[in-house]
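What TrEMBL annotates here:
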type: BINDING; residues: Tyr44, Gly69, Cys70, Ser71, Asp94, Asn95, Asn137, Arg204; note: S-adenosyl-L-methionine binding site
type: DOMAIN; residues: 65-163; note: domain 'Methyltransferase'
Amino acid sequence: MSENQPPKKDQVYADPRAQVDAFAFDEGVADVFDDMIRRSVPGYGMTLSLLGIIAQHYAKPGTRIYDLGCSLGAGIASMGSKLDTPDITFHGIDNSQPMLDRCRPNLADVDKRHTVELHCQNIQDTPIENASIVVLNFTLQFIPKEERHELLARICQSLVPGGILVLSEKILFDDPHIQEDLTTLHHDFKRANGYSDLEISQKRSSLENVLVPETIDAHESRLAAAGFARDEIWLQCFNFASFLAFK
Ligand SMILES: Nc1ncnc2c1ncn2[C@@H]1O[C@H](C[S@+](CC[C@H]([NH3+])C(=O)[O-])CC(=O)[O-])[C@@H](O)[C@H]1O
Ligand SMILES: O=C(O)C(=O)Cc1ccccc1
């Protein structure tokens with residue numbers, strides 16, 4: 001059950017958690033994904049629009065821009081639709097075929113200016129090279145924690161001098177009171193966007209062990225260990241944050 005499928009009328013859940021399948025980026029999710037993520041992730045829209053500004057500053061001629069976990073291509077569209085930097089190739093990678101099937105129509109403006117390659121692939125298997133920008137916009141959280149370092153180290157090695165990683169993630173807080181309060185605010189955000197308490201609870205259960213957030217410290221320690229010289233949080237909305245990491 002995902003939040004785009006309201007519970008059947010009169011279907012009584014003894015324990016809502018017991019009835020919830022693990023979240024998957026399937027056809028049903030792909031059909032409603034843009035609406036779902038905008039109503040679920042505070043700051044998602046701003047993250048996307050400012051990604052376009054970031055790309056204009058850091059894209060280098062003759063290099064590649066990777067969007068790892070590109071979904072419907074919103075990140076590529078934001079970065080590429082107004083980008084004048086010459087000889088840029090975008091690589092959009094996602095292991096959900098339903099997402100990629102819906103991606104190309106969203107890239108019409110980018111296709112007029114740049115080459116865009118889309119690959120249905122596990123990002124952990126994606127060759128990355130000659131990159132001025134790599135984007136992990138709410139994707140690393142779906143990679144097993146113990147495998148995140150190798151991916152980030154490969155990304156760092158793939159960047160040209162002056163290259164950057166944009167890493168956006170759901171985050172945890174060490175202070176249990178802050179964790180509780182920011183989770184409550186996140187759920188308030190979802191409720192304000194029309195989700196019911198049952199939908200919020202079922203989505204939370206479906207994401208357990210699928211979307212695995214970490215603290216800001218954990219991310220920053222891993223970025224340093226992966227070879228990034230410095231990083232900074234440039235946007236945070238409740239329990240969602242985005243980092244710029246510099247080679
Ligand atoms: N191992 C993997 N390999 C490839 N793709 C993966 C993997 N794991 C998950 N995905 C893909 O990563 C995306 C995560 S959504 C990213 C939003 C987008 N960046 C956006 O800015 O709109 C964020 C969210 O749903 O919270 C989905 O499309 C998955 O299929
Ligand atoms: O973290 C959450 O509670 C979410 O709902 C994030 C999310 C948004 C869209 C698809 C999967 C997870």
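Placement of Cβ uses the backbone N, Cα and C atoms for every residue, glycine included.
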Number of other Cβ atoms within 10 Å of the Cβ of Ser71 (S-adenosyl-L-methionine binding site) across all protein chains: 25
Least buried by Cβ count (within 10 Å) of the binding-site residues Asn95, Asn137: Asn95
Close-lying binding-site residues around ligand 1 among Tyr44, Asp94, Arg204, where CB distance stays under 6 Å: Asp94
Residues Tyr44, Gly69, Cys70, Ser71, Asp94, Asn95, Asn137, Arg204 [recorded S-adenosyl-L-methionine binders]: greatest CA to CA distance in Å: 23
Secondary structure of Cys70 (S-adenosyl-L-methionine binding site) (DSSP, helix/strand/coil): coil
Tally of DSSP helical, extended and coil residues in the domain 'Methyltransferase' (65-163): 42 helix, 28 strand, 29 coil
Reported mean pLDDT - the domain 'Methyltransferase' (65-163): 97
C-beta crowding around Gly69 (S-adenosyl-L-methionine binding site), within 10 angstroms: 22
